[in-house]
Amino acid sequence: MTTPSAKRPPRPHRRPKKDPARIVAFRALRAVDERDAYANLILPSLLREAEKNGMDRRDAALATELVYGTLRLQGTYDAIIAACIDRPLREVDPPVLDVLSLGAHQLLTTRIPSHAAVSATVELARVVLGDGRAKFVNAVLRRISAQDLDAWVQQVAPPYEKDAEDHLAVVHSHPRWVVSALWDSLGRWQPDAAGRSAVEELLQADNARPEVTLVARPGRATAAELREALPESEPGRWSPYAVRLAEGGDPGGLDAVRENRVGVQDEGSQLVALALAAAPLEGPDRLWLDGCAGPGGKAALLGALAAERGAALVASEKQPHRARLVARALDGNPGPYTVIAADGTRPAWRPGSFDRTLVDVPCSGLGALRRRPEARWRRRPEDIAAFGPLQRDLLRTAVKATRVGGVVGYATCSPHLAETRAVVDDMMREMPDLEFIDARPLLPGVPALGEGPDVQLWPHLHGTDAMYLALLRRTA
Ligand SMILES: C[S@@+](CC[C@H](N)C(=O)[O-])C[C@H]1O[C@@H](n2cnc3c(N)ncnc32)[C@H](O)[C@@H]1O
């Protein structure tokens, strides 16, 4: 029997240490999971709030890395966590899983030393989950810390030879159906080794932090003056109006951005607008339409290009709040323009009114996975089919809105064949008065554009979002 004096004295209760970066990261992941929040919108608002309470820039950068990195590599971390617990992953409470994923990311992908990653994450668990669940977190993280990412992936990914898509899905953290769709679009006809390396390069590019690219809107700013204002910047790869910022660059403080002369725009989107504007056209070139304009990036570039040759732009967008963003993007445009809030499938204009028409249709966004890290987990295969009828309707109305001899651009920020080729091929069958324009020569200097006549851009080949563009001409 133990005497009272032999008993260990109870440990004084220590309050968990509050770590602003990890708390912000946890709150962002919870908002993404619980409320379908977008990381690129919720994180800046959480950071602004934390900065008011004294969070410094280093902590803000750490929180950003933790949120984006954890969301991107979620699929790989899930497989590793599943191997470290003795129940199915779906039975782990989502907040516990978020803390475990944050810990896995620090342990396996960042330079944070293992002991610091474990102790900081266990402290976070004590704050947001309570002491009991923090013990579970501690035990799982210690198991994860036993080996590095490569060793874990070797252990948990099914062999490539047995199931190539499952293997790539775990290794590169994409849902299996997305791996499959991207591979189809890249072209599976390539011999296996080439096909495998192409899809792996693409999946890796989706997991890399994208650069911030700016557009100097013609007639309002030049890339040269922008580069002078941003000494660390690089010229665009393909667009003469593009300037690329070094990692983490924040263009928000630039006067030219505030004055709307410069915008943030991926080079793939710039190329779409430039190719539409460069397509050969006989006859008048006075009136252009952007039929799906919100939030207005392409409309602002098209408006500036139209102004240079004395043409006017009509920018139409169904959602009134997005139409307001279009109006803001076009504010100060050097030439005439009109912004309307209208359903592009019920035209507010007479047939055959426009010389050039763009429809950048609503799509799955599988081409912008670098920027929207949560999108790959949120999208479902059935979403692709759901977009199909609207994409066809919008293209059909765009064609009818364009005069005979005029040019129609069909664009998506998705490389999924059901949203790209399939839509355009259906329209070519349905409307015999349409012909393809080869889009490749309209993107001068851009390599690896495939067999045409449409073009598919790729993050791993062009450093852009995976934008698709088909250019069509009305012949009769
Ligand atoms: C891919 S976004 C366009 C992006 C835009 N071109 C840009 O560069 O900023 C597609 C847009 O189409 C709009 N949209 C959806 N259905 C529409 C419809 N029936 N008519 C017109 N616009 C529609 C969406 O609200 C969304 O703003």
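These residue numbers are counts, starting from 1, taken along the chain as shown.
Quick reminder: no glycine exception, Cβ is built from N, Cα and C everywhere.
Remember, predicted model here, so these are calculated numbers, not experimental data.
For C413, the entry in TrEMBL reads active site, nucleophile. All protein chains included, C413 (active site, nucleophile) registers 25 other Cβ atoms within 10 Å of its own Cβ.
Summarising the annotation, TrEMBL assigns S-adenosyl-L-methionine binding site to C292, A293, G294, P295, G296, G297, K298, E317, D343, D360. Sequence-distant neighbours of D343 (S-adenosyl-L-methionine binding site) (same chain, six or more apart, CB under 8 Å from its CB) are K318, listed in sequence order. Look at D343 (S-adenosyl-L-methionine binding site): DSSP puts it in coil.
The annotation domain 'SAM-dependent MTase RsmB/NOP-type' is assigned in TrEMBL to 188-475.
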If you count the other CB atoms within 10 A of the CB of G294 (S-adenosyl-L-methionine binding site), including all protein chains displayed, you should get 24
Note: in the chain of C292 (S-adenosyl-L-methionine binding site), residues six or more apart in sequence with C-beta under 8 angstroms of its C-beta are S316, E317, K318, G344, L358, V359, D360, V361, P362, L394
